[in-house]
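**Student:** What Swiss-Prot records for this protein is below:
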type: BINDING; residues: His180, His278; note: substrate binding site
type: BINDING; residues: Asp208, His271, Glu303, Glu334; note: divalent metal cation 2 binding site
type: MOD_RES; residues: Gly50; note: N-acetylglycine
type: TRANSIT; residues: 1-49; note: transit peptide
Amino acid sequence: MAGVKSLQPRLISSFLGNNSIRSTQPLIHLFRFDLGRRHVSMQLSRTFSGLTDLLFNRRNEDEVIDGKRKRLRPGNVSPRRPVPGHITKPPYVDSLQAPGISSGLEVHDKKGIECMRASGILAARVRDYAGTLVKPGVTTDEIDEAVHNMIIENGAYPSPLGYGGFPKSVCTSVNECICHGIPDSRPLEDGDIINIDVTVYLNGYHGDTSATFFCGNVDEKAKKLVEVTKESLDKAISICGPGVEYKKIGKVIHDLADKHKYGVVRQFVGHGVGSVFHADPVVLHFRNNEAGRMVLNQTFTIEPMLTIGSRNPIMWDDNWTVVTEDASLSAQFEHTILITKDGAEILTKC
């Protein structure tokens, strides 16, 4: 599909990095966030085909912000960490082309649900352990090393590693970084906030979760953003259940963000997750009129990203790291949930 000129890029997923998605939908639909797909099957191209420049304003990294906080700068990225041969790897790791969002809902049987619970619990344990490492002076690369080791010691594979060329086992997004921060040599500083996004592949199923942690003494403005972002996720999960419209998730999150005058990032979405890392449904975190209802025994993520200032993203030249255009703080929380007859079960909760 990469060479078909009539096809236009359409959607950025929650974890796509330097990959374009193509479908038969016109490009303008991307900017209107018209995500009605009518069962369009999508694939990724390793060439970005200008999509990054269309979606993300690339700005000079030397722009300055107020004197209270230094603008985030990239550090040195260490070599990719090895994974023992006995660890089962997701199919995309050895592929020359990263997968996109797979069309079609995955509805789990009893065994699938058990596997999802196991991967979700492990992801949650790793996430919480990583949070204990957040201290001034600790580098995000050190956090990545600890996460990597804990995952493989438990017989699982760190899902981000090798996904479309992503070089690390976890995403670490500090301060104005909205998502997909690459762990590097930068030491955390007192007052930072950091989102740690963990996904594990265990027994053929992915468990996906993230949380934003405080580093040292964090000011009240940052604390409030983090607390409200967590509240938005909790409220969204509370309304989920069989037959509920997906669009209600976006309304709940957007309404709470508006109440506190926060921005809601639109370019990144929640998604189905299971035996495939990213699948239907596409879960929007802002108000929308998209069709679709939740189905018993399906699993998907909800992962709102709220900002104090501009909700518009800038992508760094690494084609992964996404930051707010005005360097304002961003926070995110994420859970994988299972739709049950009584509502929703949080799978990524210890």
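Note: Cβ is positioned from N, Cα and C throughout, glycine not excepted.
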**Student:** Just to be sure I understand the packing, how many Cβ atoms besides its own are within 10 Å of the Cβ of His180 (substrate binding site)?
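**Tutor:** A count of 25.
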**Student:** Given the binding-site residues Asp208, Glu303, and counting only Cβ atoms in the protein chains shown, which has the most within 10 Å of its Cβ?
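**Tutor:** Of the binding-site residues Asp208, Glu303, the highest Cβ count within 10 Å belongs to Asp208.
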**Student:** Rounded to the nearest angstrom, how far is the Cα of His278 (substrate binding site) from the Cα of His271 (divalent metal cation 2 binding site)?
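**Tutor:** A Cα-Cα distance of 6 Å.
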**Student:** Does DSSP put Glu303 (divalent metal cation 2 binding site) in a helix, in a strand, or in coil?
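**Tutor:** Going by the DSSP assignment, Glu303 (divalent metal cation 2 binding site) belongs to neither helix nor strand, so it counts as coil.
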**Student:** Secondary structure at Asp208 (divalent metal cation 2 binding site) (DSSP, helix/strand/coil)?
**Tutor:** strand
